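The structure is given below, and queries will be raised subsequently.
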Ligand SMILES: NC(=O)C1=CN([C@@H]2O[C@H](COP(=O)(O)OP(=O)(O)OC[C@H]3O[C@@H](n4cnc5c(N)ncnc54)[C@H](O)[C@@H]3O)[C@@H](O)[C@H]2O)C=CC1
Ligand SMILES: O=C(CO)COP(=O)(O)O
């Protein structure tokens, strides 16, 4: 792959907007596709995404558009819509994306119904793309404000991976290269589900010891699942795995964690989701993780508890009771 000129970002949410800022800071002309007309107007007129990333001044070189074709003409694409929307958007892109273009998947989750990882969804819906995955501990707000961040960027083709790192990396946004797409996606998907569980523990005031235990046992689940899928251990304990779990499972800035805190305080799933515009990926990925893990015969009791609570099959108290009643066992 030759040097990168323009970057096209697909998705006008907080993360797409933050990544557009990153690419602009890395010196790339950026085109950002958003479905929502108000977002497009906002970015072009006011250089701000007031709906999804308020208070962040955007580089005037970022041009927003509703034309997928225009955006897909860029040298590199970043796909930053919510995980459950990736297939539909990728199918739309299929008609306009030139062959051989790298598509960096920035969504974190597993597709419901198929239990597919995002790179598999893209491989099916957008076969002409060269898939890559960007994931790691990185809140959109931090990244957009230029605070230091390190992430993992995985691509099976090493040369393309290097070019992508050069295309979007700059001093405060540091992508580490990897070829382990599976491992990177396992971390990004599972940590959101575990962050909900950790939020519940905090919302119910079960104590810092319980919170730490849940992070560690959650990481054991994430690792078991990843190993069964062929992920590399060093990926799971790296930025996109343990790194992102630590961030998301402990910070009120996280939408998944704060969703869990509200659940723990007694709010219902419908009330919490009804009151927020931003996506809470763990809610949608929890059942997909559990179904995929069952097929692999991998035990994931914390993820199963979250899936049961969000589906209304168990109350928070019943789910906690069930976890605390499990037999004692060897630690692994
Ligand atoms: N916000 C963050 O700090 C980070 C988010 N991510 C991931 O990025 C993905 C997107 O998240 P955010 O941008 O934060 O969400 P958001 O809730 O801020 O925005 C979602 C955007 O997607 C658009 N959208 C929804 N369905 C769509 C569809 N079918 N077609 C086109 N556009 C659609 C919405 O209009 C909205 O602009 C998620 O998978 C999330 O886990 C990853 C790292 C950090
Ligand atoms: O993925 C993220 C940070 O790395 C964002 O987490 P939330 O979606 O929970 O806010």
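Note that Cβ sites are derived from N, Cα and C of the backbone, with glycine treated the same way.
Fair warning: this is a prediction, and the values are worked out from it, not measured in the lab.
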Name the one residue among 227, 232, 255 that TrEMBL lists for the same NAD(+) site as 11, 12, 13, 14, 15, 16, 140.
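Record source TrEMBL; matching candidate: 255.
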In TrEMBL, the substrate site includes 255, 256. Which of 38, 108 does it also list there?
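Answer, per TrEMBL (substrate site with 255, 256), from 38, 108: 108.
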Using a 10 Å cut-off between Cα atoms, which of these binding-site residues sit near residue 279 (NADPH binding site): 13, 244, 254, 255, 256?
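Of everything listed, what lies within 10 Å of residue 279 (NADPH binding site) (Cα to Cα) is 13, 255, 256.
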Whole-number Å only: compute the distance from the Cα of residue 244 (sn-glycerol 3-phosphate binding site) to the Cα of residue 16 (NAD(+) binding site).
18
Under a three-state reduction of DSSP output, how is residue 244 (sn-glycerol 3-phosphate binding site) classified: helix, strand, or coil?
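It is helical.
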Check the binding-site residues 14, 35, 244 for any whose Cβ is under 6 angstroms from an atom of ligand 2, and report them in sequence order.
244
Per DSSP, what is the helix/strand/coil residue tally across the domain 'Glycerol-3-phosphate dehydrogenase NAD-dependent C-terminal' (180-321)?
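Its residues divide into 106 helix, 0 strand, 36 coil.
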Restricting attention to the domain 'Glycerol-3-phosphate dehydrogenase NAD-dependent N-terminal' (7-159), give the mean pLDDT.
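Mean pLDDT across the domain 'Glycerol-3-phosphate dehydrogenase NAD-dependent N-terminal' (7-159) comes out at 98.
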